[in-house]
Each structure stands twice: as structure tokens, then as C-alpha cells.
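Pulled from TrEMBL, these are the features on record:
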- 590-605: compositional bias 'Polar residues' (COMPBIAS)
- 607-617: compositional bias 'Basic and acidic residues' (COMPBIAS)
- 117-546: domain 'Major facilitator superfamily (MFS) profile' (DOMAIN)
- 590-617: region 'Disordered' (REGION)
- 67-90: transmembrane segment (TRANSMEM)
- 183-202: transmembrane segment (TRANSMEM)
- 209-230: transmembrane segment (TRANSMEM)
- 236-257: transmembrane segment (TRANSMEM)
- 269-290: transmembrane segment (TRANSMEM)
- 296-315: transmembrane segment (TRANSMEM)
- 378-396: transmembrane segment (TRANSMEM)
- 408-429: transmembrane segment (TRANSMEM)
- 436-455: transmembrane segment (TRANSMEM)
- 461-483: transmembrane segment (TRANSMEM)
- 495-514: transmembrane segment (TRANSMEM)
- 520-539: transmembrane segment (TRANSMEM)
Amino acid sequence: MAKKKSFKIEFKSHPHPRNLQHDGAESPRCCSLDMLLQRLRAIDAQDDKLANIMDVVGEFGTFQRRLVALSFIPNFLSSFFMFADIFMFAPQKPYCNTSWILAVDRNLSEAEQMNLTLPRAPNGSFLTCLMYVPVDWDLDSTIQFDLNHTDSCQNGWIYPESKRRSLINEFDLVCGNETSNEIVYTVFLAGLLTGAVIFGFITDKLGRYPTILLALLELAIFGFGTAFVSSFNQYIFFRFCVSQAVMGYAIGSSALLTEWLMGMHRAHAFILGHCFFSMGVVFLTGLAYSLPHWRLMFLVGGIPVFPLICYIWILPESPRWLIMKGKLEEAKQMLCYAAAVNKKTIPLSLLDKLQLPGKKVASASILDFYSNRYLRKLTLVMCSIWFAIGCNYYTLGLKLRELGMNIYLSQVIPGMMEVPARLCCIFLLEQFKRRGTLIMTLFQGATMCFLSLMLPSDLKSLVILITLLGEFNLAASITMFYIYTSELLPTIIRATGLGLVSLIWAAGGIFSVTLIHQNIAILPVILCSLSASVALFYCSNLPEMQDQPLPDTLEHITPQSRSISEELSNEDMLSDDMTEEVAKNTILNSRLTSMDQDSLSSPPLQSKDEKIDKEED
């Protein structure tokens with residue numbers, strides 16, 4: 001009872017601001033100590049033993065810092081392979097190869113050869129896809145009588161004005177063999193789509209560690225191997241596989257970082273990783289500008305993938321996933337290893353309390369996204385947001401190319417702008433938390449996308465500025481929602497859910513590319529505006545996940561999930577004789593005391609309610 005009295009004295013020594021006007025009045029909704037103890041019991045009942053162990057291991061020690069640093073290089077290279085297609089289709093002006101006339105006179109200059117063997121268009125330029133039929137005349141006869149019979153190119157094409165070797169002059173993608181870079185872009189997005197499904201399933205089935213290694217292996221084989229393809233169809237296939245690997249790494253690394261890091265450290269790790277992704281775009285642009293051959297670019301960009309094979313020995317598995325799969329001893333070993341790296345020691349009493357979920361092995365499948373009512377609603381909301389972000393982001397990227405902006409500037413400027421855009425999320429998260437930051441960035445990005453599509457092309461400078469601002473905000477939205485999605489989904493199906501929503505994101509990109517290809521200006525406007533409106537409407541239904549424990553099983557997902565600070569800030573919870581800060585400190589001190597007691601050799605059979613009753617006595 002002495003402890004109970006001391007609590008009351010502490011509460012009354014910190015008057016609530018509302019009591020300044022009526023000190024003598026007592027609130028009918030007084031929050032007694034019994035209510036506070038009841039709240040503590042509820043918190044203890046939901047206490048995450050793994051989170052307690054992670055507190056002992058260290059929130060952001062050497063082990064966690066090393067894990068975050070390991071994600072930087074693959075993120076950097078992922079952007080290189082993801083956007084390399086943009087520089088593969090440099091504009092070319094080809095002509096039919098008419099070297100047959102050199103057999104008549106080897107001293108002909110290139111201009112004389114073209115004048116004699118290539119027909120001209122009405123404006124005086126040489127035709128690209130036609131040539132004069134070869135004849136067995138001498139040079140004087142050819143000059144005197146001219147050549148009149150034309151035919152399609154018979155011996156390929158030459159590119160006299162080309163200073164760079166691209167896919168067009170490598171595989172002669174001209175005169176009926178043309179292919180649009182939007183088609184290649186669509187195939188790449190299709191690879192992201194299939195990779196999201198396949199790697200999302202594999203990550204939850206086999207684990208985060210093997211999935212990341214498999215994705216990096218695929219990236220090394222097909223990313224570096226793109227430099228050696230012998231046909232355009234092979235190039236398309238390799239790029240499809242590379243996109244799968246990029247998506248696989250994104251899903252596996254997101255799940256791994258989410259489950260090893262805590263609180264704001266998790267958000268900061270995602271933000272920094274995405275900043276390295278944007279810096280990779282700048283690196284790609286500089287490499288494409290300086291190297292004259294597309295094969296050389298893939299060689300130089302692909303070589304850094306091979307040292308990542310060392311991840312086999314240094315990359316950890318997620319202890320949360322191990323516990324969900326019934327591998328309790330492996331999880332304990334991984335936690336002890338992390339603690340040793342951080343120069344910490346985990347008490348045996350804490351490790352002994354680490355238990356498997358209710359069933360020996362927690363099981364879940366993609367069907368749970370339909371059968372579980374709350375998870376189904378949550379997934380539909382997340383899919384609507386991801387679809388809107390995908391539509392608006394890819395529409396702005398294509399809009400920037402249509403404006404005729406220099407291909408190198410159109411990549412390096414957004415890449416440089418996205419770094420501060422993502423770093424701004426650190427400040428926004430502190431002020432507006434997860435949900436507020438997502439709503440703010442998505443609203444601003446969608447508004448800029450709408451203005452970019454509606455403004456006339458005559459205002460080119462203004463449209464470019466608005467488009468860049470839209471990409472600035474949507475880049476922050478992508479980073480923010482990756483954090484949000486990873487925290488919303490339970491461990492047992494976290495990667496599958498990430499794959500599902502990433503599939504919708506890629507589908508949004510494919511829709512935007514397809515509609516812009518239709519050359520009907522109103523269609524992209526309708527798609528982007530409608531999808532953004534629906535997403536913003538449903539954003540408010542998402543639960544706030546800042547300072548929340550990670551859900552592990554489907555039973556941990558409830559619509560009523562709220563943080564301690566939110567509950568304490570509720571007007572019904574606060575009394576007139578207790579401030580919010582005092583209540584928070586009381587609960588925090590109680591949890592720390594509980595952890596200190598756990599670190600000692602307390603009797604294992606003593607129930608938590610008995611401990612609290614003893615404290616009351």
C-alpha cells in the first residue's frame with residue numbers, strides 16, 4: 001500500500017492544465033490507480049517477449065548498423081538495373097547499306113555513295129528504308145543514267161551520324177523492326193509484377209535470408225549477362241528476369257529490416273536505403289553519358305554485384321520469422337549472436353520465456369487475405385493506395401520524357417531531388433506520424449500530377465517544374481508506404497502481402513503506360529485523379545503504426561490496435577489529477593521494472609497477476 005500512496009502523491013504533484021481554473025473540483029471520471037494497474041495488466045498480457053529481448057540486444061547497435069549498411073549496395077545497384085532501358089534507345093538516323101557500289105569505285109566518298117544509291121524524300125532528305133537496286137554498270141553509266149528502281153534494304157543499315165552503340169544500331173530495330181522503349185518498359189513492369197508474386201511467396205515460405213541470396217544471384221546472372229545477349233528477344237528476356245530479381249530483393253530486405261529494427265530506427269533505415277536507390281539513378285546517368293557502348297555499360301554496372309556473394313556468410317535470418325516457423329532454437333542462437341556483436345548479454349530467464357506461437361508452427365497463406373475479414377479490408381485499402389502511387393509516379397516519369405527534356409537531365413534531376421524528398425520524411429514522421437505523412441505526400445503528388453496533365457504544353461517550363469515537384473512528393477510517398485505496409489502486415493504473411501501490394505503497384509504502372517500510349521489525353525487524367533481520390537479517401541482508415549509493436553500472427557491484427565500514447569491522450573483516460581507525461585512515465589517505469597525483474601532469477605511459475613498483487617500489498 002505504500003507504493004500505492006506514493007503513486008497518488010506523484011500524480012497530485014503534477015496538476016493537469018485543466019485544473020488551473022477549478023482546483024477544488026473533482027472530476028467524475030477520475031482515473032484511479034486501480035484503472036492504471038488494470039491497464040498495466042492488459043499491457044503485460046500483450047507484452048512482446050521478443051521485443052523485450054531486442055531491447056536487451058540493443059535498438060541500434062553494431063549489428064543493426066551493419067545490417068542497414070548491407071542493404072545500401074543492393075539498393076544502389078537495383079536502381080541501375082531498373083532504369084537502364086531508358087538509355088538503350090538513343091535516337092538514330094540509319095540508311096541502307098549500299099556498299100555494293102564500292103566494288104565499282106573504291107575511291108567514292110560517303111556523300112557520293114549516298115547520292116548515287118539512296119532515293120530522296122520530297123524534302124530532300126535521304127529515305128531510311130529504301131535503296132536503289134544494284135546494277136552491273138560502270139561508274140560513268142551510273143552517273144549518266146541514274147538508278148530508278150528502288151527496293152527495301154538488302155544488306156542491313158549504316159548509322160553515319162551515330163556516336164554511341166545502342167540497341168537500335170546493334171539489332172537494327174528500324175524499318176518494320178522498330179520497338180518502342182515503352183514496350184520494353186511494360187515488359188520490365190510485368191517482370192516486377194510476377195516477381196512480386198513469386199518472391200513474396202518464397203520469402204514467407206523459405207525465409208528472408210535465402211530469398212535475398214536468390215534475388216542477388218538472379219541479379220548477378222541476368223544483370224551482368226545482359227551484356228552478352230545476341231538478339232533483342234534475349235535482351236527482353238534478361239530484362240524480365242532482372243526485374244524479378246529487383247522486386248525479390250526489395251521484398252526480402254524490407255521484411256528483414258522490419259523484423260530486426262525497432263521504432264524510428266526502422267523508418268530511418270528504409271529512408272536511407274531508398275536514398276541510395278535514388279543515388280543509383282544519378283550514377284546510372286553519369287555512366288550512360290560517359291560510356292559509348294551499351295554492352296560496356298552493363299559490364300561496368302554489373303561487376304559490383306558479384307562481391308555481394310559474401311552475404312552468404314554475413315547476412316542474418318529474421319528471428320521473428322524463425323519463431324513463427326517453429327525454429328525456436330535457431331532464433332535464440334541468432335539473437336545471442338546479435339547481442340554478442342553489440343557486446344550485450346541476454347539473461348537466460350528472458351530467453352527461456354521466448355516461446356512458440358499458440359500452434360507449434362504458425363501457418364498462413366495468400367488465401368487469408370480473402371478469408372480474414374479485417375485483413376481483407378486492410379489489403380484492399382493498401383492496394384488502392386499502391387495503385388494510385390504507381391499510376392501517378394509512372395505517369396509523371398513518362399510525361400517528363402514527352403516534354404522533350406534532355407534524356408540525361410530528365411533522369412539526373414529527379415534522382416537528385418528524390419534524395420532530399422525522402423530525407424524530409426524523417427522530419428515529417430516526427431511531426432505527423434505514419435498516416436499523416438502518407439496523406440500529405442500523396443495528396444501533394446497527386447495534385448501536381450493532375451496539374452502536369454492539365455496544363456497546356458506551351459507552358460513547357462512550368463509543366464516541367466510541376467512534374468518534378470510531383471515526383472518529389474511521390475518519391476516520399478513510396479518510401480513512406482513501404483514502411484507503413486511492412487509494419488501493418490503480420491510476420492507470418494508479411495512478405496506475401498508486400499508482394500501482393502507491389503503487384504498492384506506494378507499494375508498501376510502498366511495501366512499508365514498503356515493509357516498514355518493511346519494518345520487520348522483525358523484517359524491518364526481520369527485514371528490518376530480517380531485512383532488518387534479513392535486512395536486518399538481510404539488513407540484515413542489505416543491504423544497508425546508509429547510506436548506500435550509488430551504483429552506476428554493473424555490473431556495480432558485487430559481494428560482496435562492503438563498505441564499507449566494514443567490511449568493515454570484520450571480524454572476519457574486522463575484524469576484531472578494526472579498529466580499525460582506522468583502516466584507515460586509510470587507505465588514506462590513499470591515495464592522497465594518488470595524487465596529488471598525478468599533479468600533476475602525470478603520463480604518461473606509465478607503469474608504476472610500475483611506479482612502485481614504483491615506490489616499493491
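Any Cβ shown, glycine's included, is placed from N, Cα and C.
Among residues of the same chain six or more beyond the transmembrane segment (67-90), those with a C-beta under 8 A of the stretch's C-beta atoms are 162, 164, 166-168, 181, 184-185, 188, 216, 219, 223, 239, 242-243, 245-246, 249-250, 253, 256-257, 260-261, 269, 272-274, 276-281, 283-285, 287-288, 294, 297-298, 301-302, 304-305, 308, 311, 314-316, 407, 411. Under the criterion of 3 or more C-beta pairs below 8 Å, with sequence separation of 6 or more, the transmembrane segment (408-429) and the transmembrane segment (520-539) do not qualify as touching, having fewer than 3 such pairs. Taking the domain 'Major facilitator superfamily (MFS) profile' (117-546) as a whole, pLDDT averages 84 in the prediction. The transmembrane segment (269-290) is not in contact with the transmembrane segment (378-396), judged by fewer than 3 CB-CB distances under 8 Å for residue pairs 6 or more apart in sequence. Under 8 Å from some Cβ of the transmembrane segment (436-455) lie the Cβ atoms of residues 385, 388-389, 392-393, 395-396, 399, 425, 428-429, 462-463, 466-467, 469-474, 476-477, 480-481, 484, 521, 524-525, 528-529, 532-533, 535-536, 539-540, 542, all in the same chain and six or more residues away from its ends. In this chain, the transmembrane segment (296-315) lies out of contact with the transmembrane segment (183-202); the count of Cβ pairs under 8 Å, excluding pairs fewer than 6 apart in sequence, is fewer than 3.
Of the Cβ pairs linking the transmembrane segment (520-539) with the transmembrane segment (378-396) and spaced 6 or more residues apart, 3 or more are under 8 Å, so the two regions touch. Using the rule of three or more Cβ pairs under 8 Å, pairs at least 6 apart in sequence, the transmembrane segment (236-257) is not in contact with the transmembrane segment (296-315).
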